[in-house]
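*Asks:* Before anything else, here's the structure in question.
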Amino acid sequence: MGLQACLLGLFALILSGKCSYSPEPDQRRTLPPGWVSLGRADPEEELSLTFALRQQNLERLSELVQAVSDPNSPQYGKYLTLENVADLVRPSPLTLHMVQKWLLAAGAQKCHSVITQDFLTCWLSIRQAELLLPGAEFHHYVGGPTETHVVRSPRPYQLPQALAPHVDFVGGLHRFPPTSSLRQRPEPQVTGTVGLHLGVTPSVIRKRYNLTSQDVGSGTSNNSQACAQFLEQYFHDSDLAQFMRLFGGNFAHQASVTRVVGQQGRGRAGIEASLDVQYLMSAGANISTWVYSSPGRHEGQEPFLQWLMLLSNESALPHVHTVSYGDEEDSLSSAYIQRVNTELMKAAARGLTLLFASGDSGAGCWSVSGRHQFRPTFPASSPYVTTVGGTSFQEPFLITNEIVDYISGGGFSNVFPRPSYQEEAVAKFLSSSPHLPPSGYFNASGRAYPDVAALSDGYWVVSNRVPIPWVSGTSASTPVFGGLLSLINEHRILSGRPPLGFLNPRLYQQHGAGLFDVTHGCHASCLDEEVEGQGFCSGPGWDPVTGWGTPNFPALLKTLLNP
């Protein structure tokens, strides 16, 4: 049947299931650990679905990202505005017409878009949604650390073939909330009586990374930073104030968040949210801080998509964003990964520095056709973000050199090819590492991560008015590195320079300048006879465990201040 026939009587064909296709045939629909089905949803219950509309001129967008992010380019630092991006990638008039006509025929109501017009979120009843998306069958689920309730479909959905050139995917059907890169470890035993610290605090971080009491924001520049929270994770201002009273006495700081974008609940504070806010604001001290709160409170919402749409709907944004969440690449559809990667590319074009935690499963492990392979995570594997790994002190209670934190995520993407900016560094690692795992375990030609690292082991956090020790994970290292980049942006802005923007092209050109090289330790992987639980190992220069290393702030400031 030809396209013209599919266009005729479009809604009737939806109902009959003819001329249809699956946008996400590879989307995993198995139930994640810790989630339980509560049965079919009421047909009259409402949910929201997000339709990702096909964008234009993505090759040109990629070229512009390279131009504004490469210090050797005459376009370096000349970032696009949101309006520039919208004009470039906005869906075609035909796409907008086709999708809106289809939704109107299905009875979708209360639809709203974003400035770029490439996401459309609509409210429908379960009955309408199942008619609109043949094959979908909505169920209630509960799970996650906060017993979150969601509505998802365990079955694949179909779209009319006529929409294939116009819709990338529909959000709110399959993907469960992303997982956090956060762990709480048992308190280590102190041997002997001399210890310089009993856990990582802002003063420990500032001493290790060579910050002085003067390394704080001015409080007057047009500089800001942000972190994103999901899974109904909330912070409390009272916890932040107590944290600063306990640990912020030797540097100027702000004791409250400047702005919350989204919904900030009034329930118990989450350790994840508390950690992110407290260490972003103590590392990036005295800098205006936003919190993006995308709880996914309504059962049909995907919180990560909510966050991306918030970025696409505001012209003036913080310069640095840190995110401590992710999923295994293989758990997500190709359509979803590619579209999210495009959204991250759009952020890079606008001069945003996006930092993602590398994860807390080492190289990861899963079985493919009966054989173990390492398991990369996304968005850590995106070529348009700076990914942060984790380290530990070589001597647990001394502020010493750092070694690999064995849970620090890292590896090679199975989706994205190696970007040109890291070609030299990764090729050198692959040719010189004495402890390389067998080639069948990883995709040596993929985007390699992390790019940098910071301490990730043994943090103190205040949550619900209680100081909590030994919180660990790349959820800790990511806001720390982000805060230090915000301090560098402060110097750049005050001297009339643009903010750093997408950091990786510059980072790899500078070959680790301004960073402490971490050369000892390996991270975890598959527990089998061939690799015996060992993934990749660190070494001189870049490696897929700690990237280029951890920040030496005065040297990193000098390296990144010019041009």
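Yeah, the Cβs are placed from backbone N, Cα and C, and that goes for glycine too.
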*Asks:* So C522 is in a disulfide according to Swiss-Prot. Which of these is its partner: C365, C537?
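*Replies:* Between C522 and one of C365, C537, Swiss-Prot records a disulfide, namely with C537.
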*Asks:* Mean pLDDT across the domain 'Peptidase S53' (199-563), rounded to an integer, is what?
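*Replies:* For the domain 'Peptidase S53' (199-563), the model's average pLDDT rounds to 94.
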*Asks:* Starting from the Ca(2+) site formed by D517, V518, G539, G541, D543, give every other residue of that chain whose CB sits within 8 Å of the mean position of their CB atoms, in sequence order.
*Replies:* G512, T519, S538, P540, W542, T546, W548, G549
*Asks:* In which DSSP state, out of helix, strand and coil, do we find S475 (active site, charge relay system)?
*Replies:* helix
*Asks:* Determine, to the nearest whole angstrom, how far the Cα atom of C537 (disulfide bond) is from the Cα atom of N313 (N-linked glycosylation site).
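*Replies:* Cα of C537 (disulfide bond) to Cα of N313 (N-linked glycosylation site) measures 41 Å after rounding.
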*Asks:* Around C365 (disulfide bond), how many other CB atoms lie within 10 A of its CB?
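*Replies:* For C365 (disulfide bond), the count of other Cβ atoms within 10 Å is 19.
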